[in-house]
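Feature annotation from TrEMBL assigns domain 'FAD-binding PCMH-type' to 14-187. Look at TrEMBL and you will find R165, E375 tagged as active site. According to TrEMBL, the feature active site, proton donor maps to S252.
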Amino acid sequence: MSAQPLSALTTMRVGGPAEEFVTAHTRDELVEAAISLWQRSHDWLLLGGGSNTVVSDEGYPGPVLLVRTSGISQVEDPDLAPGSVRIRAEAGHDWDALVAECVNRGWAGIEALSGIPGLAGAAPVQNIGAYGQELSEVLHSIEFLDAATFEPRRMLAAELELGYRDSVIKQGLEGVVLSIDLVLADAAVVAAETGPEAISEPIRFAQLATALGVEVGSRVPLHTVRDAVLRLRAAKGMVLDEADHDTWSSGSFFTNPIVTERFARGLPSDAPRFPIVDPGEAPAVTTFEELAEGQPLRVPTPARERRVKLSAAWLIEHAGVPKGYRLPGSGAALSSKHTLAITNRGAASAADVGELARFIVQRVQQEFGLVLVPEPNLYGIEV
Ligand SMILES: Cc1cc2nc3c(=O)[nH]c(=O)nc-3n(C[C@H](O)[C@H](O)[C@H](O)COP(=O)(O)OP(=O)(O)OC[C@H]3O[C@@H](n4cnc5c(N)ncnc54)[C@H](O)[C@@H]3O)c2cc1C
(Lines of atoms letter the chains of each structure in order from A and count residues from 1; the text may use other names and numbers.)
(Lines give C-alpha, C1' and ligand atoms only; values in the text may rest on other atoms or scores of the structure.)
Protein backbone atom coordinates (compact mmCIF):
# COMPACT_ATOMS: atom_id res chain seq x y z
CA MET A 1 0.00 0.00 0.00
CA SER A 2 1.26 3.48 -0.83
CA ALA A 3 1.65 5.82 2.12
CA GLN A 4 -0.32 8.55 0.31
CA PRO A 5 -3.94 8.63 1.48
CA LEU A 6 -6.78 9.58 -0.85
CA SER A 7 -7.65 12.33 1.62
CA ALA A 8 -4.71 14.24 0.08
CA LEU A 9 -6.21 13.93 -3.41
CA THR A 10 -9.90 14.69 -2.83
CA THR A 11 -11.53 17.99 -1.88
CA MET A 12 -13.56 16.37 0.93
CA ARG A 13 -10.13 15.44 2.32
CA VAL A 14 -11.21 12.05 3.60
CA GLY A 15 -10.22 8.58 2.42
CA GLY A 16 -7.57 5.99 3.20
CA PRO A 17 -4.71 4.69 1.05
CA ALA A 18 -4.76 3.03 -2.37
CA GLU A 19 -2.92 -0.07 -3.44
CA GLU A 20 -0.87 1.88 -5.99
CA PHE A 21 -0.83 5.26 -7.76
CA VAL A 22 -0.10 5.69 -11.46
CA THR A 23 0.23 9.21 -12.89
CA ALA A 24 -0.30 10.11 -16.57
CA HIS A 25 1.17 13.43 -17.74
CA THR A 26 0.48 13.10 -21.48
CA ARG A 27 -2.42 11.77 -23.57
CA ASP A 28 -0.31 8.81 -24.70
CA GLU A 29 0.70 7.98 -21.13
CA LEU A 30 -2.97 8.12 -20.15
CA VAL A 31 -3.95 5.69 -22.93
CA GLU A 32 -1.06 3.36 -22.14
CA ALA A 33 -1.62 3.40 -18.37
CA ALA A 34 -5.38 2.78 -18.67
CA ILE A 35 -4.92 -0.14 -21.09
CA SER A 36 -2.22 -1.72 -18.98
CA LEU A 37 -4.39 -1.42 -15.85
CA TRP A 38 -7.42 -2.93 -17.66
CA GLN A 39 -5.27 -5.81 -18.84
CA ARG A 40 -4.65 -6.62 -15.15
CA SER A 41 -8.17 -5.98 -13.83
CA HIS A 42 -11.10 -3.58 -14.16
CA ASP A 43 -10.99 -2.71 -10.47
CA TRP A 44 -9.09 0.55 -10.53
CA LEU A 45 -10.08 4.13 -9.97
CA LEU A 46 -9.64 7.02 -12.35
CA LEU A 47 -9.15 10.28 -10.49
CA GLY A 48 -9.10 13.84 -11.77
CA GLY A 49 -9.25 16.68 -9.25
CA GLY A 50 -11.06 14.52 -6.68
CA SER A 51 -13.77 17.16 -6.23
CA ASN A 52 -16.64 14.78 -6.88
CA THR A 53 -15.19 11.66 -5.27
CA VAL A 54 -15.43 10.43 -1.69
CA VAL A 55 -13.49 7.31 -0.68
CA SER A 56 -13.91 5.30 2.53
CA ASP A 57 -11.44 5.36 5.41
CA GLU A 58 -10.28 1.88 4.38
CA GLY A 59 -9.10 3.43 1.12
CA TYR A 60 -9.37 2.08 -2.42
CA PRO A 61 -8.58 -1.64 -2.78
CA GLY A 62 -6.84 -1.30 -6.13
CA PRO A 63 -4.71 1.07 -8.24
CA VAL A 64 -5.63 4.74 -8.76
CA LEU A 65 -4.80 6.42 -12.09
CA LEU A 66 -4.25 10.16 -11.74
CA VAL A 67 -5.06 12.25 -14.82
CA ARG A 68 -2.42 14.99 -15.00
CA THR A 69 -2.41 15.92 -18.70
CA SER A 70 -2.88 19.54 -19.74
CA GLY A 71 -3.27 21.82 -22.72
CA ILE A 72 -5.81 23.80 -24.72
CA SER A 73 -5.79 24.10 -28.50
CA GLN A 74 -8.03 25.50 -31.21
CA VAL A 75 -9.50 22.92 -33.62
CA GLU A 76 -9.99 23.67 -37.33
CA ASP A 77 -13.55 22.73 -38.21
CA PRO A 78 -15.02 23.61 -41.64
CA ASP A 79 -18.53 22.93 -40.31
CA LEU A 80 -18.35 25.63 -37.64
CA ALA A 81 -21.02 28.33 -37.80
CA PRO A 82 -19.57 31.82 -38.39
CA GLY A 83 -18.63 33.52 -35.13
CA SER A 84 -17.84 30.31 -33.26
CA VAL A 85 -14.64 28.61 -32.23
CA ARG A 86 -13.96 24.99 -31.46
CA ILE A 87 -11.47 24.34 -28.71
CA ARG A 88 -9.98 21.18 -27.26
CA ALA A 89 -8.92 20.77 -23.64
CA GLU A 90 -6.90 17.78 -22.49
CA ALA A 91 -8.63 15.75 -19.76
CA GLY A 92 -6.25 16.85 -17.02
CA HIS A 93 -6.57 20.57 -17.74
CA ASP A 94 -7.90 22.45 -14.73
CA TRP A 95 -11.52 23.36 -15.51
CA ASP A 96 -11.45 26.84 -14.04
CA ALA A 97 -8.14 27.64 -15.76
CA LEU A 98 -9.91 26.68 -19.01
CA VAL A 99 -12.82 29.02 -18.22
CA ALA A 100 -10.41 31.85 -17.35
CA GLU A 101 -8.51 31.34 -20.62
CA CYS A 102 -11.74 31.36 -22.67
CA VAL A 103 -12.98 34.52 -20.93
CA ASN A 104 -9.61 36.19 -21.60
CA ARG A 105 -9.74 35.24 -25.26
CA GLY A 106 -13.31 36.52 -25.61
CA TRP A 107 -14.94 33.10 -26.09
CA ALA A 108 -18.41 32.92 -24.55
CA GLY A 109 -20.45 29.95 -23.34
CA ILE A 110 -18.80 28.73 -20.13
CA GLU A 111 -18.33 31.98 -18.19
CA ALA A 112 -21.11 31.08 -15.71
CA LEU A 113 -19.27 27.80 -15.02
CA SER A 114 -16.41 29.77 -13.43
CA GLY A 115 -15.01 28.45 -10.16
CA ILE A 116 -16.17 24.84 -10.49
CA PRO A 117 -13.31 22.73 -9.13
CA GLY A 118 -11.91 19.71 -10.94
CA LEU A 119 -10.51 18.85 -14.33
CA ALA A 120 -11.88 19.11 -17.86
CA GLY A 121 -12.11 15.33 -18.42
CA ALA A 122 -14.58 14.91 -15.56
CA ALA A 123 -16.83 17.76 -16.75
CA PRO A 124 -18.90 15.60 -19.15
CA VAL A 125 -19.16 12.76 -16.60
CA GLN A 126 -21.81 14.60 -14.62
CA ASN A 127 -22.50 17.32 -17.21
CA ILE A 128 -21.42 20.12 -14.89
CA GLY A 129 -23.72 23.08 -14.55
CA ALA A 130 -24.18 26.25 -12.55
CA TYR A 131 -25.79 29.70 -12.75
CA GLY A 132 -27.84 28.93 -15.85
CA GLN A 133 -25.17 27.26 -17.99
CA GLU A 134 -24.51 23.56 -18.49
CA LEU A 135 -21.66 21.81 -20.28
CA SER A 136 -24.15 20.07 -22.60
CA GLU A 137 -24.91 23.41 -24.30
CA VAL A 138 -21.33 23.82 -25.57
CA LEU A 139 -19.88 20.31 -25.64
CA HIS A 140 -19.12 19.27 -29.21
CA SER A 141 -17.54 15.87 -28.56
CA ILE A 142 -15.02 13.97 -26.48
CA GLU A 143 -12.16 11.67 -27.32
CA PHE A 144 -12.98 8.51 -25.37
CA LEU A 145 -10.80 5.51 -24.68
CA ASP A 146 -13.32 2.70 -24.51
CA ALA A 147 -12.65 -0.05 -21.96
CA ALA A 148 -14.46 -2.53 -24.18
CA THR A 149 -12.15 -2.10 -27.20
CA PHE A 150 -9.05 -0.29 -25.84
CA GLU A 151 -9.48 2.00 -28.89
CA PRO A 152 -9.80 5.78 -28.63
CA ARG A 153 -12.87 7.07 -30.51
CA ARG A 154 -14.64 10.38 -30.96
CA MET A 155 -18.06 10.49 -29.30
CA LEU A 156 -20.38 13.35 -30.18
CA ALA A 157 -22.13 15.11 -27.30
CA ALA A 158 -25.45 13.68 -28.50
CA GLU A 159 -24.16 10.14 -27.86
CA LEU A 160 -23.38 10.94 -24.23
CA GLU A 161 -27.04 11.29 -23.13
CA LEU A 162 -26.18 14.33 -21.07
CA GLY A 163 -28.85 15.17 -18.53
CA TYR A 164 -29.09 16.88 -15.17
CA ARG A 165 -25.78 15.86 -13.47
CA ASP A 166 -25.80 12.74 -15.63
CA SER A 167 -24.27 11.03 -18.66
CA VAL A 168 -23.74 7.55 -20.11
CA ILE A 169 -20.33 7.56 -18.42
CA LYS A 170 -21.88 8.26 -15.03
CA GLN A 171 -24.39 5.52 -15.83
CA GLY A 172 -21.60 3.00 -16.32
CA LEU A 173 -20.03 3.33 -19.79
CA GLU A 174 -16.48 2.40 -18.82
CA GLY A 175 -13.59 4.33 -20.29
CA VAL A 176 -11.39 7.38 -20.07
CA VAL A 177 -12.21 10.83 -21.44
CA LEU A 178 -8.94 11.86 -23.07
CA SER A 179 -10.01 15.35 -24.14
CA ILE A 180 -13.14 17.44 -24.58
CA ASP A 181 -14.07 19.70 -27.51
CA LEU A 182 -16.27 22.74 -26.92
CA VAL A 183 -17.90 25.08 -29.42
CA LEU A 184 -18.01 28.60 -28.01
CA ALA A 185 -19.21 31.92 -29.40
CA ASP A 186 -16.35 34.11 -30.48
CA ALA A 187 -17.71 36.98 -28.45
CA ALA A 188 -15.24 39.38 -30.04
CA VAL A 189 -17.33 38.99 -33.21
CA VAL A 190 -20.63 39.40 -31.36
CA ALA A 191 -19.26 42.39 -29.52
CA ALA A 192 -18.45 44.16 -32.79
CA GLU A 193 -22.15 45.06 -32.90
CA THR A 194 -22.45 46.12 -29.28
CA GLY A 195 -19.13 47.60 -28.32
CA PRO A 196 -15.47 46.80 -27.92
CA GLU A 197 -15.73 44.33 -25.05
CA ALA A 198 -16.31 40.59 -25.40
CA ILE A 199 -19.78 39.87 -24.05
CA SER A 200 -21.41 36.88 -22.45
CA GLU A 201 -24.16 34.59 -23.58
CA PRO A 202 -27.56 35.83 -22.27
CA ILE A 203 -27.75 35.62 -18.46
CA ARG A 204 -30.38 33.01 -17.55
CA PHE A 205 -30.09 32.66 -13.79
CA ALA A 206 -32.16 35.19 -11.84
CA GLN A 207 -29.75 35.37 -8.89
CA LEU A 208 -26.82 36.07 -11.22
CA ALA A 209 -28.84 38.71 -13.11
CA THR A 210 -29.68 40.40 -9.79
CA ALA A 211 -26.02 40.33 -8.71
CA LEU A 212 -25.12 41.95 -12.03
CA GLY A 213 -27.94 44.48 -11.77
CA VAL A 214 -29.42 43.44 -15.15
CA GLU A 215 -32.55 41.73 -16.46
CA VAL A 216 -32.54 38.00 -17.17
CA GLY A 217 -31.66 37.63 -20.87
CA SER A 218 -29.15 40.52 -20.89
CA ARG A 219 -25.59 40.16 -22.12
CA VAL A 220 -22.76 41.72 -20.16
CA PRO A 221 -18.97 41.70 -20.50
CA LEU A 222 -17.52 38.20 -20.06
CA HIS A 223 -15.15 39.28 -17.28
CA THR A 224 -18.01 40.86 -15.36
CA VAL A 225 -19.96 37.58 -15.43
CA ARG A 226 -16.93 35.57 -14.33
CA ASP A 227 -16.21 37.96 -11.43
CA ALA A 228 -19.85 37.98 -10.28
CA VAL A 229 -20.10 34.17 -10.41
CA LEU A 230 -16.86 33.79 -8.44
CA ARG A 231 -18.17 36.24 -5.81
CA LEU A 232 -21.55 34.45 -5.54
CA ARG A 233 -19.87 31.06 -5.31
CA ALA A 234 -17.33 32.20 -2.69
CA ALA A 235 -20.17 33.52 -0.50
CA LYS A 236 -21.63 30.00 -0.55
CA GLY A 237 -18.30 28.24 0.10
CA MET A 238 -18.34 26.90 -3.45
CA VAL A 239 -14.85 28.04 -4.42
CA LEU A 240 -12.02 25.94 -2.96
CA ASP A 241 -10.22 27.76 -0.18
CA GLU A 242 -7.78 25.90 2.05
CA ALA A 243 -8.48 28.27 4.95
CA ASP A 244 -12.29 27.84 4.82
CA HIS A 245 -13.66 24.52 6.07
CA ASP A 246 -16.97 25.30 4.38
CA THR A 247 -15.15 24.50 1.12
CA TRP A 248 -13.73 21.14 2.29
CA SER A 249 -16.52 19.36 0.48
CA SER A 250 -17.60 17.73 -2.75
CA GLY A 251 -19.85 20.67 -3.61
CA SER A 252 -23.54 19.79 -3.50
CA PHE A 253 -23.82 16.40 -1.82
CA PHE A 254 -27.33 15.67 -3.11
CA THR A 255 -28.95 16.23 -6.48
CA ASN A 256 -32.23 18.11 -6.71
CA PRO A 257 -34.91 15.39 -6.90
CA ILE A 258 -36.99 15.15 -10.07
CA VAL A 259 -40.52 13.94 -9.29
CA THR A 260 -43.92 13.81 -10.99
CA GLU A 261 -46.18 16.85 -10.62
CA ARG A 262 -48.63 14.54 -8.88
CA PHE A 263 -46.06 13.70 -6.17
CA ALA A 264 -45.09 17.37 -5.85
CA ARG A 265 -48.74 18.35 -5.22
CA GLY A 266 -48.52 16.40 -1.95
CA LEU A 267 -45.64 18.59 -0.69
CA PRO A 268 -46.12 21.84 1.24
CA SER A 269 -47.20 24.63 -1.12
CA ASP A 270 -44.07 26.68 -0.39
CA ALA A 271 -41.70 23.88 -1.50
CA PRO A 272 -39.92 25.32 -4.56
CA ARG A 273 -40.50 23.41 -7.79
CA PHE A 274 -39.17 24.07 -11.26
CA PRO A 275 -40.78 22.70 -14.42
CA ILE A 276 -38.71 20.19 -16.39
CA VAL A 277 -38.68 20.45 -20.15
CA ASP A 278 -38.69 16.80 -21.11
CA PRO A 279 -36.58 16.23 -24.23
CA GLY A 280 -38.95 13.39 -25.14
CA GLU A 281 -41.83 15.83 -25.14
CA ALA A 282 -41.85 16.74 -28.83
CA PRO A 283 -44.80 18.64 -30.29
CA ALA A 284 -47.41 16.24 -31.62
CA VAL A 285 -47.35 17.73 -35.12
CA THR A 286 -44.45 18.02 -37.54
CA THR A 287 -43.60 21.68 -38.13
CA PHE A 288 -43.37 23.27 -41.63
CA GLU A 289 -39.67 23.94 -40.95
CA GLU A 290 -39.07 20.25 -40.26
CA LEU A 291 -40.92 19.23 -43.43
CA ALA A 292 -38.90 21.78 -45.43
CA GLU A 293 -35.72 20.21 -43.98
CA GLY A 294 -36.91 16.87 -45.35
CA GLN A 295 -37.66 15.33 -41.95
CA PRO A 296 -40.30 12.58 -41.83
CA LEU A 297 -43.74 13.10 -40.30
CA ARG A 298 -43.53 12.68 -36.55
CA VAL A 299 -45.52 9.92 -34.95
CA PRO A 300 -47.07 11.48 -31.83
CA THR A 301 -45.79 9.90 -28.62
CA PRO A 302 -48.16 9.41 -25.70
CA ALA A 303 -47.82 12.32 -23.27
CA ARG A 304 -45.61 11.48 -20.29
CA GLU A 305 -46.56 12.59 -16.85
CA ARG A 306 -45.16 16.07 -16.26
CA ARG A 307 -42.20 16.27 -13.94
CA VAL A 308 -40.76 18.99 -11.74
CA LYS A 309 -37.40 19.52 -10.11
CA LEU A 310 -37.47 20.13 -6.35
CA SER A 311 -34.90 21.95 -4.23
CA ALA A 312 -32.88 19.43 -2.19
CA ALA A 313 -31.67 22.31 0.02
CA TRP A 314 -35.26 23.31 0.86
CA LEU A 315 -36.22 19.71 1.63
CA ILE A 316 -33.20 19.25 3.93
CA GLU A 317 -33.81 22.51 5.81
CA HIS A 318 -37.54 21.80 6.18
CA ALA A 319 -36.76 18.30 7.42
CA GLY A 320 -35.09 20.03 10.37
CA VAL A 321 -31.43 19.92 9.28
CA PRO A 322 -30.17 23.50 9.14
CA LYS A 323 -26.93 24.97 7.75
CA GLY A 324 -23.99 24.13 10.03
CA TYR A 325 -25.75 21.01 11.42
CA ARG A 326 -23.39 18.52 13.03
CA LEU A 327 -24.12 15.14 14.65
CA PRO A 328 -22.68 14.83 18.19
CA GLY A 329 -18.96 13.97 18.11
CA SER A 330 -18.76 14.12 14.31
CA GLY A 331 -15.99 15.83 12.32
CA ALA A 332 -18.43 16.47 9.44
CA ALA A 333 -21.14 19.13 9.31
CA LEU A 334 -23.37 20.84 6.80
CA SER A 335 -21.66 23.94 5.45
CA SER A 336 -22.50 27.07 7.42
CA LYS A 337 -23.09 28.81 4.05
CA HIS A 338 -24.87 26.19 1.95
CA THR A 339 -27.35 23.51 3.08
CA LEU A 340 -26.45 21.13 0.26
CA ALA A 341 -22.75 20.79 1.07
CA ILE A 342 -21.50 18.21 3.56
CA THR A 343 -18.16 19.50 4.78
CA ASN A 344 -15.11 18.28 6.66
CA ARG A 345 -14.51 20.58 9.64
CA GLY A 346 -10.83 19.62 9.73
CA ALA A 347 -10.63 16.10 11.16
CA ALA A 348 -13.64 14.32 9.65
CA SER A 349 -13.44 10.68 8.65
CA ALA A 350 -15.24 9.27 5.62
CA ALA A 351 -17.43 7.43 8.16
CA ASP A 352 -18.49 10.82 9.61
CA VAL A 353 -19.41 12.04 6.12
CA GLY A 354 -21.39 8.85 5.41
CA GLU A 355 -23.18 9.02 8.76
CA LEU A 356 -24.32 12.61 8.22
CA ALA A 357 -25.39 11.83 4.65
CA ARG A 358 -27.47 8.85 5.85
CA PHE A 359 -29.02 10.97 8.62
CA ILE A 360 -30.08 13.62 6.09
CA VAL A 361 -31.51 11.03 3.69
CA GLN A 362 -33.52 9.49 6.54
CA ARG A 363 -34.84 12.82 7.81
CA VAL A 364 -35.98 13.90 4.34
CA GLN A 365 -37.55 10.49 3.68
CA GLN A 366 -39.45 10.54 6.98
CA GLU A 367 -40.67 14.09 6.41
CA PHE A 368 -41.43 14.13 2.67
CA GLY A 369 -41.39 10.49 1.51
CA LEU A 370 -38.61 10.79 -1.05
CA VAL A 371 -35.06 9.53 -1.08
CA LEU A 372 -32.28 12.02 -1.85
CA VAL A 373 -29.58 10.77 -4.22
CA PRO A 374 -25.91 11.65 -3.57
CA GLU A 375 -24.21 13.61 -6.35
CA PRO A 376 -20.55 12.64 -5.69
CA ASN A 377 -19.10 9.28 -6.64
CA LEU A 378 -18.84 7.26 -3.43
CA TYR A 379 -16.39 4.39 -3.02
CA GLY A 380 -16.86 2.08 -0.02
CA ILE A 381 -19.45 4.41 1.50
CA GLU A 382 -23.14 3.43 1.70
CA VAL A 383 -25.71 6.20 1.90
C1 LIG B 1 -16.62 23.38 -3.71
C2 LIG B 1 -17.21 22.60 -4.87
C3 LIG B 1 -18.14 23.19 -5.71
C4 LIG B 1 -18.69 22.47 -6.79
N5 LIG B 1 -19.59 23.09 -7.60
C6 LIG B 1 -20.12 22.42 -8.66
C7 LIG B 1 -21.07 23.07 -9.53
O8 LIG B 1 -21.38 24.25 -9.36
N9 LIG B 1 -21.59 22.34 -10.56
C10 LIG B 1 -21.22 21.05 -10.78
O11 LIG B 1 -21.74 20.45 -11.73
N12 LIG B 1 -20.33 20.41 -9.98
C13 LIG B 1 -19.78 21.06 -8.93
N14 LIG B 1 -18.88 20.43 -8.10
C15 LIG B 1 -18.53 19.02 -8.35
C16 LIG B 1 -17.21 18.83 -9.13
O17 LIG B 1 -16.41 19.95 -9.07
C18 LIG B 1 -17.46 18.49 -10.60
O19 LIG B 1 -18.24 17.33 -10.69
C20 LIG B 1 -16.14 18.26 -11.37
O21 LIG B 1 -16.43 18.11 -12.73
C22 LIG B 1 -15.37 17.03 -10.88
O23 LIG B 1 -14.10 17.06 -11.49
P24 LIG B 1 -12.88 16.24 -10.88
O25 LIG B 1 -11.78 16.25 -11.88
O26 LIG B 1 -12.54 16.74 -9.54
O27 LIG B 1 -13.55 14.79 -10.80
P28 LIG B 1 -13.15 13.55 -9.87
O29 LIG B 1 -13.77 13.71 -8.54
O30 LIG B 1 -11.69 13.28 -9.93
O31 LIG B 1 -13.92 12.41 -10.66
C32 LIG B 1 -15.33 12.40 -10.69
C33 LIG B 1 -15.80 11.16 -11.46
O34 LIG B 1 -15.43 11.27 -12.82
C35 LIG B 1 -14.56 10.20 -13.18
N36 LIG B 1 -13.52 10.79 -14.04
C37 LIG B 1 -12.62 11.74 -13.70
N38 LIG B 1 -11.85 12.03 -14.77
C39 LIG B 1 -12.29 11.27 -15.79
C40 LIG B 1 -11.90 11.11 -17.15
N41 LIG B 1 -10.89 11.81 -17.69
N42 LIG B 1 -12.56 10.20 -17.91
C43 LIG B 1 -13.60 9.47 -17.40
N44 LIG B 1 -14.02 9.58 -16.13
C45 LIG B 1 -13.37 10.47 -15.33
C46 LIG B 1 -13.99 9.66 -11.88
O47 LIG B 1 -13.62 8.30 -12.01
C48 LIG B 1 -15.17 9.86 -10.95
O49 LIG B 1 -16.10 8.84 -11.09
C50 LIG B 1 -18.31 21.12 -7.01
C51 LIG B 1 -17.36 20.53 -6.15
C52 LIG B 1 -16.82 21.25 -5.09
C53 LIG B 1 -15.81 20.61 -4.19
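We count from 1, first residue shown onward.
Quick reminder: no glycine exception, Cβ is built from N, Cα and C everywhere.
Where the annotation comes from TrEMBL, it is an automatic prediction and has not been curated.
The distance from the Cα of R165 (active site) to the Cα of E375 (active site) comes to 8 Å. Straight-line distance linking the Cα atoms of E375 (active site) and the residue listed as 'active site, proton donor', rounded to a whole number, equals 7 Å. The active-site residues R165, S252, E375 differ in how many other CB atoms lie within 10 Å of their CB, and the one with the most is S252.
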